[in-house]
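**Student:** Quick paste from TrEMBL:
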- 13-433: domain 'Major facilitator superfamily (MFS) profile' (DOMAIN)
- 48-71: transmembrane segment (TRANSMEM)
- 83-100: transmembrane segment (TRANSMEM)
- 144-162: transmembrane segment (TRANSMEM)
- 182-203: transmembrane segment (TRANSMEM)
- 254-273: transmembrane segment (TRANSMEM)
- 293-311: transmembrane segment (TRANSMEM)
- 318-337: transmembrane segment (TRANSMEM)
- 343-363: transmembrane segment (TRANSMEM)
- 375-398: transmembrane segment (TRANSMEM)
- 410-428: transmembrane segment (TRANSMEM)
């Protein structure tokens, strides 16, 4: 298939293209820091937190690869290829964020999380492919690290809103079975940002039209009977997995330990502070938000700095070192009982998060076929959500029976997983490095 010549974009064009990631990541920031506290406010026990979070892995496993495969075979002269999908996802996510703090019961909040994750995944996957579609190989690193910058900025704003609104509007006395009013404002802001930032990128960034060969394939796909078109995304996914580059198989091993560990951190950082600092749930949630704010400030600062470092030393080395630093941060956190000093390990965590959100995507985008970029980005997300799914199903019994239902031990376990991920990352190689 003929290779499309992609013009180089200037800094602000790449910036505008990625602004929509701010809203998506604000939503993910609330999921990381506010959803589990809401579950706790509504009466959930700590040991069932992993299974309550299974919505993310399941929806990611189903939605992202299917949306990726469908968007590969989509083209509208007016709306483009990827933009319709992340616009619909943003609207769906926005509605859920608005409704979330109004949840009257635990079952309602869990149901909303499922719908929210569908919307976020619809927006996320095409956005990853969108950057690869627009940029030449020489600019992929800065494109995905710009996304990493917005990952940091979005999650930073989400977490800053949590502890600032608690401080400004007062956490007050916790009432069992209810969500504090100060959390409402964070979700309402997220509802606005989800749509507003996506619209910015949609209106500012035109998509590159498909080549004649791609357009012919898209039209052939449209002419198929409905049942054939329905089956086609699943066939595309299966074929892509069979022909997947060896690099991605190795990356799946890294991701197994990396994302298993991250899910532990996000689920148990609030319970950890209830244990190590004696906080109530509101205070622990605010401290967890400060942790997330700190590491996302670091992410936003270092995201673009990693571009020249990866060009000089190679993505593999920077990625492996960053994962090791993240593991060391998780080992340190349970040993620090001061709410200020415990923020310092998040510098290492933030560097690691910046690397995780940019380097693997850049490496994969360089080696997969252009016409299959959407489906491979979806498969890359499967490598994220499968470990998360394994964690939600397996870690509850591990936490209760092997770790003594102790959140300190859970954090040490997550740190060990990151060390293993770092070792496995040293085995990654691409033909272009």
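Residue positions begin at 1 at the first shown residue.
Including glycine, each Cβ sits where the backbone N, Cα and C put it.
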**Student:** Using a Cβ distance cut-off of under 8 Å, indicate which of 83-100, 182-203, 343-363, 410-428 has the most pairs with the transmembrane segment (144-162).
**Tutor:** 343-363
**Student:** Same chain only, please: residues at least 6 beyond the ends of the transmembrane segment (254-273) with a C-beta under 8 Å from a C-beta of the stretch. Say none if there are none.
**Tutor:** 31-33, 36-37, 40, 46, 49-50, 53, 279, 281, 283-285, 287-288, 291, 323, 326-327, 330, 333-334, 356, 360, 383-388, 390-392, 395, 399, 407-408, 410-411, 413-415, 417-418, 420-421, 424-425, 428
**Student:** Averaged over the whole of the domain 'Major facilitator superfamily (MFS) profile' (13-433), what is the pLDDT?
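**Tutor:** Mean pLDDT for the domain 'Major facilitator superfamily (MFS) profile' (13-433): 84.
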